[in-house]
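First up is the structure itself, then whatever we jot down about it.
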């Protein structure tokens, strides 16, 4: 067994600001420290054989090495990436060594003892601190920049900012007053507004990333107006003088115990030269459109495609908030000969120009499942790039311009409406005979059927009034309703429909369930009207429900076996309903007759 030699005396040089490449050190102790938020942090005692430093921290991404027992006492490690940061009021406190990447050279079980008799680096002799030839390192200080002159206050750095060395995101905590981070914007939300009893306002949020980690930042009201147009996704900025507080994990899934809030003193400057201290690029895990059909509902996905079709801008008003929303559906195609619908919202929908059929790259877009197909929706944490300068985009452009998008074989997104028969046509008896729904994933089919019976009992429930929540509320009395999901009390609620009915075709009858939107379409009334009638006007409710009896429709059905207690039931759910398009339906019947009789089609 050969033990690596420690980089003797190097700790004193590092802690006094010198850049040293890949120092080899020994871990003498490691201890979990208390954190003000729900996050693990580890402090280590580290030695170079001559000096030790008790103010060293592991970045959170290295916690797994501690959990796996790789960083035991006496382990010899090589520091691959690290930074030093001043912690304390006005930057006058202790300098902390933060390690973001390391390599285990010799496990502690091999070393078995402390190497040398190290003393604190603060006792280092002056000769140990003499300048040494610097080598390239990942912890290079940022050169101080001349202040820029701009009429927008706080948009650029000024003389009050100590830009001599940036701080890693992983080192930030509410106990620091002076710091500057250099970070890339990985995502940026649209402007969101709110209005309640305490007032009204607006906000937007962004996710920031450097080599050490990531953090969420939010700008409210005046800061929202000041910084929204300045901040651009994928650009790198110096940012300072934000407020730090424990992260609200209900709204952020980032691996950081804290989040930032912009204040009136916040300073932001675009970093135009990132060569000296590179910030990681945004990474894309691009998935072919054809693969999206096999992915889970609500999963996030990165993909790239050509915008082949652009839908009209649509506006609608939320019933509960009376807030207007705008959206636009576009169709993307790619070299897997597949197409998928992507929904844009807000300003993205209003400003989108697809007449030149650009390349569209999306990151973190959400998969929605509807009518047996999959579509994409650009959410607040998603990124959309138009004609990105990457090899995949250039290759896709060449494919499309040479006729590649002319024959798309696979439409991943479901088509809606009474005239579409892309889903397999089947009778209710055939669906049962073929044992649909018994696999791991649900099956889908459609049929023409008549409504026989509609149950009024339990046809609705009281739901959370928030536009993005449909959870059932609990009546607390005194006109107060609690939503467990939102963990909030509301003075009102909204009705949601859950209708069970018996439908039949010429082969069989089945009980099916339909949810809110389908129920409203079938009954011809809003859920609010139906709920109020069921609770307050039984005669009107009877009229609404009886009008549905003995009406025929095209039903698109989802079929899946579900377990209730120790019993398995085959459940049918109405995914969509449409009036009968007799011309299209007759075409289907003629095709069935031709297949049954073997008679070819005639003109």
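Each Cβ is built from the backbone N, Cα and C atoms, and glycine gets one as well.
Marked as region 'Disordered' by Swiss-Prot: 131-152. Per Swiss-Prot, the feature phosphoserine maps to 160, 420. According to Swiss-Prot, the feature DNA-binding region maps to 179-252. For 464-486, the entry in Swiss-Prot reads zinc finger.
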Completion exercise
Checked against DSSP, the composition of the DNA-binding region (179-252) is 7 helix, 41 strand, 26 coil
Handout entry: Average model confidence [pLDDT] within the DNA-binding region (179-252)
Key = 86
Exercise for the section: Over the span of the zinc finger (464-486), count residues by DSSP class, listing helix, strand and coil in order. Expected result: 0 helix, 9 strand, 14 coil
